[in-house]
Every structure is written in structure tokens, then in C-alpha cells.
Amino acid sequence: MENKKTIYFLCTGNSCRSQMAEAWGKQYLGDKWNVYSAGIEAHGVNPNAIKAMNEVNIDITNQTSDIIDANILNRADLVVTLCSHADSVCPSTPPHINRVHWGFDDPAGKEWSEFQRVRDEIGERIKRFSETGE
């Protein structure tokens, strides 16, 4: 089935939130969607994001931290910004691109429980999207 839609998760550094969103997206949406993530900048995958996803048996050690790819951005069926900075400075998307904002707190530099909380919130949001389309 190569008629998959494309979903593109964006945040500032493609380090924490968008990495977790990509992983959850592949788990919940992978049969119907091509799932990608990127950042305004590429800060590298945060080790605590890797650890947090490992706790829920999802391995993201092979995911890479990437800057926004205009080719993916301009052909995505859905672009999801995960932080207000990415929402405001994201390159403009063509009018036919569906772009939504799902805001999540940035756990970087915060205590471990913040990574767990944000991981779970992102997972629940993507699970809801997989079930309802919203």
C-alpha cells in the first residue's frame, strides 16, 4: 500500500518532542502514514528522549535529528508543529498543506518526570488522532 499519507512533526531542535512524536506516529499511524520529524535546527536526539521512549518499549536510537526538508514539507498531507516557536517560524507551507499546532512543553533541561509526562501526552495525542482523525 504505497498510497500512504505523509505526516511531518516539527519542533525547534528535532531533539525531544518531535522525536517522540515520530516514534509514537510510527507506532500508531505507520500502517497508513509515512511519518517524519524535523526541526528549525538539528540539535541531535536528546538522550533522555531515547531513555523515555525505551521505558515504553520504543527504540529511537536510530532516529536522526534533521532540519526541515522542503520536499517533505511541501508534499506532506499534515504538518504538525509541537512548540510555539516552530509554529511561528516554520517556513511557510503552501495553501493546500493542512498545518495544525499541538503544543507540548519542552522537557529539555528539566527533571526526568517532565520527559515522562511529555512522552505520555504526545503518545495520547497521537493515539487519539489515530482513532478519531482529529
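Each residue, glycine too, has its Cβ placed from N, Cα and C.
Note that the structure is predicted; figures quoted are calculated from it, not measured.
Following the DSSP three-state reduction, the secondary structure of Cys83 (disulfide bond) is coil. For Cys11-Cys83 (among others), the entry in Swiss-Prot reads disulfide bond.
According to DSSP, Cys11 (disulfide bond) sits within a strand segment. Annotation comment: Swiss-Prot describes Cys11 (among others) as active site, nucleophile.
Long-range C-beta contacts of Cys90 (disulfide bond), restricted to its own chain and to partners at least six residues apart, with a cutoff below 8 Å, comprise Leu10, Ile40, Ile68, Val79, Thr81, Arg99. In the three-state DSSP classification, Cys90 (disulfide bond) falls within coil. Taken from Swiss-Prot, the feature disulfide bond covers Cys83-Cys90 (among others), and the record attributes it to sequence analysis.
Taken from Swiss-Prot, the feature active site, nucleophile applies to Cys83 (among others). Every protein chain considered, the tally of other Cβ atoms within 10 Å of the Cβ of Cys83 (disulfide bond) stands at 22.
Look at Swiss-Prot and you will find Cys90 (among others) tagged as active site, nucleophile.
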